[in-house]
């Protein structure tokens, strides 16, 4: 009697695919019992009752064959999702404003370095550096504050005191606004600058905007509007303001944009002072207290 331990095809485990043994199902031998056993095996394979048959059908399925390769199973987990079209457009096409600002900054740094011919004693115009530093002192806030206070104390006319008091107000406003903007922006001074400036404060380590440029524009506009000067003197005042701003770049103290914005800020500061002009009519208490000194 044949052993009931058979494969799915009904062959004995020890038989080869090309040989047949008498009495086996291939030769029709073995009686009806072996035929019924083979028929029941086939039925169990079709119904999925046998776990071995279930594994065989799963291994023959197309899904299992596709997943049997490790690369095919790993690919869906490794491939990152493609970015949305709008995100890719933002990365590849930066805004026009950003490109313009970066280009302006690059030109500003390049031009400031080219114009810094007096930044050190070994620079191209290093011999002119003492003269530039003297011009630097002429635009410093301390000499202007002390000079305005001295003239205010020596003045004996109401009109002169009114002009000088508003000049003092303008200088204090300039110092306050420049200090606030420098503290907010915190732009470092150029790398080729030497920190040998006259009477510096904590905010003076920052360069934007140029306090000398704001003061030069403010004082020049103030003088031209409230002092009667001959034409050569008026030209000299404008020339002083321009050369003072240029000297800030030549000494390496500031970049070109620091000075340009400083001129604009100083020009607008005078508009504020002119709008808030102090006079005996709007602030009589201030002038009365000053006259009692």
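Placement of Cβ uses the backbone N, Cα and C atoms for every residue, glycine included.
Per Swiss-Prot, the feature active site, proton donors maps to 212. The feature compositional bias 'Low complexity' is assigned by Swiss-Prot to 10-25. If you look up Swiss-Prot, you'll see 1-34 marked as region 'Disordered'. The region 'Phosphatase sequence motif II' feature in Swiss-Prot is assigned to 209-212; the stated evidence is similarity to another entry. Summarising the annotation, Swiss-Prot assigns topological domain 'Cytoplasmic' to 1-132, 184-226 and lists similarity to another entry as the type of evidence. If you look up Swiss-Prot, you'll see 154-162, 248-269 marked as topological domain 'Lumenal'.
Model confidence over the topological domain 'Cytoplasmic' (184-226) stands at 88, taken as the mean pLDDT rounded to a whole number. Within the chain carrying the topological domain 'Lumenal' (154-162), a Cβ under 8 angstroms from the stretch's Cβ atoms is held by residues 278-280, 287, 290, all 6 or more beyond its ends. Assigned with DSSP, the residues of the topological domain 'Cytoplasmic' (184-226) fall into helix, strand and coil as follows: 22 helix, 2 strand, 19 coil.
Broken down with DSSP, the topological domain 'Lumenal' (154-162) shows 6 helix, 0 strand, 3 coil.
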